[in-house]
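*Asks:* Have a look at this one before I ask anything.
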Amino acid sequence: MASEESPLLTSSSDRHKTAHDVVYDRFTRGQKRWIVFIVSCAGLLPKFVAASFVPSIPQVAQEIHSTHAAVSLSTFATAIGTLVWAAYSSFYGRRTMYLCGIPFLCVGSCGVAMSNSLWSLLFWQFVQTFGCSGGLSLGAGVIGDIYKLEERGIGIGIFLGAMLFGFAVAPFLGGMAAQYWSWRNLHYSLAAWGLLELLLIYVSIPETSHPGTLGIDKLKRRRWIHITWVNPLSCLWLLRSPNLFAVMLASSLALISDYVLLVPLAYTIGVRYGITNKAIIGACFLPNGLGNFIGAPLAGCLSDVVVRKWQKKRKGVWSPEDRLRATWIGGMFMVPLSIGVSGLVTAYVDGPIGLSLNLLCLFVNGIGVVFVLNPIGSYNVDVVHSRSAEITAANVGVRSFILSIATALVVPSIEHMGVASTDVIVAVLALLGQGIIFLTIRYGDRMRASVDVGFSTIENN
């Protein structure tokens, strides 16, 4: 065990490489970048699948003779899928779970494209989303496997940026498909995308889990095809830790602002500024995605810098909560100001100026949200490194539930109170989330000590 005086980071010339150091040297820098690229593409899929469907709902409803209010099971499927794939990845490995999950996406996408009834559509949409949702949790686990503590922030930043960029760009492409092509062909294209992803993972991505850490490696005897039961809900038990629950709640409160701005966009910005073309409405999502794409690697780099700076300031002592200090730019300023200003502009500013200011707010919000989510995602991997995919899945699962409630309430709230009041309330919630982060930074050591869920140490992180 390292004492409090033991340095976290020293140059290679100052130390002999341990077995723990060698684990992170299994892949070259080029290989690591390629792995991040592939898992980022896989992480983009779940949000893309869900968001690309939204603009085509009127066309889908007309073709299958249903109503626009037909319930989507994508949020439920995402929560279930992330928990299942993450739990089994700790036993069978990340690569195996990718190869098992993506075929569900391909079959489900083809099923959605061929659906002619509501129940058929809902079933295949569930299969489709269930199959690709593993990309959310497995990607964070893979990046935690290949990058050291002081390097993984930027890797997770790129992954997170791709995931949220998919959520923002998908409505534009979905709107284009609904307006000028066919929603069915779009889902056939998603199936083809899934097949390409499956081929790339099979050919070029090795197993990244650390040697000897998988459940199947610890079995003394096993069958040629070994199937075992792993409880997917065990991931959620990690959230009994006060600090892990706190940062999950804070990230949810920040991400709500994204959904409150984007989900009712056709009813807020679209109606306010007379935009009726589905493709143009979809294009209004792009500034937010661009903000995610630009902000995520910057936030990741900043969080790595903060970790090194505070470790040096403490003369080698590592405090996991130091990484959370990188959230304040987004959580204190960008997120609450962008959504608050957007609500006021939508309510009181007409014409091209009002539309331009709203698009600027969407861009700033995109940057601000990842400046909160990225350090939190990296922090989760830091503190429970051996179960990084599982804690990510627990966060995504519970956060999906919270966001589904917020999404269901946003349109009634806008109709009842108005867009300005609704957005100001969400801005206050984002500030509350940042307050929770500050408390976690201040009392993180006590919170971790109160409930130990197997936290990582500097020796095994």
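Placement of Cβ uses the backbone N, Cα and C atoms for every residue, glycine included.
TrEMBL does not curate its annotations; it predicts them automatically.
Pulled the feature table from TrEMBL, pasting it below:
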DOMAIN    18-445  domain 'Major facilitator superfamily (MFS) profile'
TRANSMEM  34-57  transmembrane segment
TRANSMEM  69-88  transmembrane segment
TRANSMEM  97-115  transmembrane segment
TRANSMEM  121-142  transmembrane segment
TRANSMEM  154-174  transmembrane segment
TRANSMEM  244-267  transmembrane segment
TRANSMEM  279-307  transmembrane segment
TRANSMEM  328-349  transmembrane segment
TRANSMEM  355-376  transmembrane segment
TRANSMEM  420-441  transmembrane segment
*Asks:* Under 8 Å for C-beta pairs, could you tell me which stretch among 244-267, 279-307, 328-349, 420-441 has the largest tally with the transmembrane segment (154-174)?
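*Replies:* Ranking 244-267, 279-307, 328-349, 420-441 by Cβ pairs under 8 Å to the transmembrane segment (154-174) puts 279-307 first.
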*Asks:* To the transmembrane segment (244-267), which of 97-115, 279-307, 328-349, 355-376, 420-441 is linked by the most Cβ pairs under 8 Å?
*Replies:* 420-441
*Asks:* For the domain 'Major facilitator superfamily (MFS) profile' (18-445), what is the mean per-residue pLDDT, to the nearest integer?
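*Replies:* The average pLDDT of the model in the domain 'Major facilitator superfamily (MFS) profile' (18-445) works out to 86.
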